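Here the structure is laid out as structure tokens; the discussion comes afterwards.
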Amino acid sequence: MHSLQSFLFLLLLGYGVFAAPTSPQAQSQGRSFKVERIKRGNSIHGPTALRRAYRKFGIVPTTFGVDLSDFVPFNTTSISGTAANLVTDVQEPEQTGAVSAQSVQNDAAFVSPVTIGGQKIVMNFDTGSADFWVMNTELPASAQVGHTVFDPSKSSTFKKMEGATFEIKYGDSSFANGGVGTDTVDIGGATVTGQAIGIPTSVSNSFVEDTYSNGLVGLGFSSLNTVQPQQQKTFFDNIADSLDKPVMTAHLKSDGVGEYEFGIIDQTKYQGDMINVTVDSSGGFWQFQSAHYKVGDGPIQTIQNNAVAIADTGTSLMLLDDTVVNAYYAQVKGAQYASSAGGYIYPCNTELPNLAVAVGAKHLATVPGTFLDFAEVGINKTTGQTVCFGGIQSNQGTSMQILGDVFLKAFFVVFDLRGPSIGLASPK
């Protein structure tokens, strides 16, 4: 159990401490359901996680630092496993309606089995997007290798949406696009009939190579959905009215079993008070004010730019304003920016300070330094020390900060469509 002191919430003002087709139909037994997550023990690669985050939000790196001659990167071929073989690890206790959600590459990504038209597909739950799309048999055969693909022809409930298309395109020209259909989707025993699903006929190599996941379940706001000519609702929006409460909770612990849970806020999963902050959903993200930060025992500082943040389960790292990143690594012994790694690195035996970031206008949420040590990345040629890649990296001056799984797994998090709002509490 985490100690309450490890997950402090500071009151900023007083510095007090407290921790278009037929409308989709939803069916949810018990009016709540959960998607469990089980830890895996594979290796991770920090620069890859950072590149994926940059690709997702169209961020172009501009920072330069030490080059490849300063350290020897580890060979990333040690990363093994595919989304196809993750399905065999799934457990489905009938009495709870629970399904497994695996953390792959030591928390580099969280994936979960989803049933589409009777076919079980491992996918990524992503609060930073709003499209439900899946790798499928309409893609070229070469793009299907290593993936578990959805076959529309084998689903008796699949219906093509004539004239409808979707397109996800990122700043570096990564993409997925194609047609759209509807089908019955089951997640943890909760079923939506007529869920809109992107059926790409073309995807970029970045999606082909990501064999840990076969698609995305977008859990952002439906205004972010890319389906044309008429936007479609997310799975969360479609299931919301059938739930006891229109909420999703994320309990993404790094040291054991955790879960996503819909329809209920389980008070046995957290301790102490929960803070709730207003979300600005106008851009389609779970976005809130985040204008302050605090490194270790230092003073509370103000961020002049990028004073908003989003909570994003589809991103591994914390991508923060350069002011925060530079101030943080100034307190990390031996830290330096490495252009070959794409971010800040430091000797792995360095003890990292805690980092507190503002959540809303009144509160700071503290992430323990142990959570911010993301991955080993190589060997220092001069000292022979193992070098690590930080879980905090630059957002390269973009308009928002991105709080990914490095942040989220430190808390019990509530995504609440009422308001909307986000709640944070210290997890048990």
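Just so you know, the numbers here start at 1 and follow the chain as drawn.
Positions of Cβ are set from backbone N, Cα and C atoms, glycine also.
Here is what Swiss-Prot records for this protein:
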- 1-19: signal peptide (SIGNAL)
- 110-425: domain 'Peptidase A1' (DOMAIN)
- D126: active site (ACT_SITE)
- N276: N-linked glycosylation site (CARBOHYD)
- D312: active site (ACT_SITE)
- N380: N-linked glycosylation site (CARBOHYD)
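Overlay of Swiss-Prot annotations on the structure.
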residue: D126; record: active site; DSSP (3 states): strand
residue: N276; record: N-linked glycosylation site; DSSP (3 states): strand
residue: D312; record: active site; DSSP (3 states): coil
residue: N380; record: N-linked glycosylation site; DSSP (3 states): strand
For D126 (active site), the one of N276, D312, N380 that lies nearest, given that the recorded positions are compared by Cα:
D312
Rounded to a whole number, how many Å is the Cα of D312 (active site) away from the Cα of N276 (N-linked glycosylation site)?
17
Reported as an integer number of Å, what is the Cα distance between N276 (N-linked glycosylation site) and N380 (N-linked glycosylation site)?
43
As a test of reading the model: what is the averaged pLDDT for the domain 'Peptidase A1' (110-425)?
93
Within 10 Å of the Cβ of N380 (N-linked glycosylation site), how many other Cβ atoms can be counted across all chains shown?
17
Would you please pick out, from the active-site residues D126, D312, the one with the fewest other Cβ atoms within 10 Å of its Cβ?
D126
